[in-house]
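Undergrad: Before I ask anything, here is the structure I am working with.
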Amino acid sequence: MGPISPVASPKPEVGVVSVSEAVQIADENDLILAILSLDGDPPVLRLFQEKDYKKHKYEQQKKKRTQQKRSVAKRMGLKELKMGYNIDIHDYSVRLKAARKFLKAGDKVKIMVNLKGRENLYKKQAIELLRRFQNDVGEMATEESKNFQERNIYLVLVPNKIAIQKEQDELNKKDTAIEDSDQSDDQPEESEPVPAQPEESKETETEVSANVGVVSVSEAVQIADENDLILAILSLDGDPPVLRLFQEKDYKKHKYEQQKKKRTQQKRSVAKRMGLKELKMGYNIDIHDYSVRLKAARKFLKAGDKVKIMVNLKGRENLYKKQAIELLRRFQNDVGEMATEESKNFQERNIYLVLVPNKIAIQKEQDELNKKDTAIEDSDQSDDQPEESEPVPAQPEESKETETEVSANV
């Protein structure tokens, strides 16, 4: 076990001693041994009486809250967002997203529309644009000031802390519910790594992430036990393996993030197995190319794949977004009941529609085709039986008649 540097309170410094000696001093004098810093070499601990420890803990929490308030006050700046009176949908959505981000961070937002030259004729549209922007931001901001008289009109919004906090609390509740459900599902997994690691490598060295350095597994376990920390494995691939010391709340957060990452990877692997086929079209596609893509979409859906139909609008093609959306809806109707809509995006420049196969409709269509093929085969067999006896008596009579006609002409 490596040495540490405990500081006695209110006595002077004890010096550099081992953890066992520090624990013994605390027990003999009925004191509390607390960690001041794990970053030092050696780590710094301190001996407290019970009332002094409570006071120290309260002061640390108060200091932390003060620092958080100061950091918020420093961040409370004024962010400017400029727009034209004829801004397109994509650029508008980008600025709206940025405004919400700034307001959540505690900053004011100033939205400006500069009217140059004859653009002053469109001041009414510019004012309506600012009002629309304010409505889209919603309750998370309130109006502080405005200027609709000059050429450069603007509107200043300040964050509504109550609404933002309410929204944040709802998100936290959802995250907590998800975390609790994940922990309840994963309870049997917690007992797997605890007995396995010390038995596998009792004498091997391990890199413990908390600035402890390279120590043996037994020493790492001892440090965790003595400091009431949780020792978790980060990586067994390195040489030496990497472990980390967590407080209980930090370990829960770390575990939740790992489980979330694992679920994301599983979803991606499922998405890879169930292929996603992309078909791109222009808003003014001709009939031949349209039919080719429709045929390909039906083929992919019958094979069990999803189909994503995309229309990319570049530059001024964004003016034809309505025609592009109508094209996608027409494509969906032409595909028919063999597919259902999974998702869509008609807001951005690259609009798309994702269709998933309707297995019941596809199976029904396949059964009808099989019945038709069976009926055609049966009818062919019944039609071929009488045809074999017909030409035998017919041919001689026809030949006789033709012979008489020829002789008469002669």
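Yeah, the Cβs are placed from backbone N, Cα and C, and that goes for glycine too.
From TrEMBL, for reference:
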COMPBIAS  178-192  compositional bias 'Acidic residues'
COMPBIAS  366-375  compositional bias 'Basic and acidic residues'
COMPBIAS  376-390  compositional bias 'Acidic residues'
DOMAIN    13-66  domain 'Translation initiation factor 3 N-terminal'
DOMAIN    78-160  domain 'Translation initiation factor 3 C-terminal'
DOMAIN    210-264  domain 'Translation initiation factor 3 N-terminal'
DOMAIN    276-358  domain 'Translation initiation factor 3 C-terminal'
REGION    177-209  region 'Disordered'
REGION    366-410  region 'Disordered'
Undergrad: Take a look at 13-66, 210-264, 276-358 and tell me which one has the most Cβ pairs under 8 Å to the domain 'Translation initiation factor 3 C-terminal' (78-160).
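TA: Comparing 13-66, 210-264, 276-358 against the domain 'Translation initiation factor 3 C-terminal' (78-160), the winner is 276-358.
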Undergrad: Where else in the chain does the compositional bias 'Basic and acidic residues' (366-375) make close Cβ contacts, counting only residues six or more beyond its ends and a cut-off under 8 Å?
TA: none
Undergrad: On average, what pLDDT score does this prediction assign to the domain 'Translation initiation factor 3 N-terminal' (13-66)?
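TA: Its mean pLDDT is 83.
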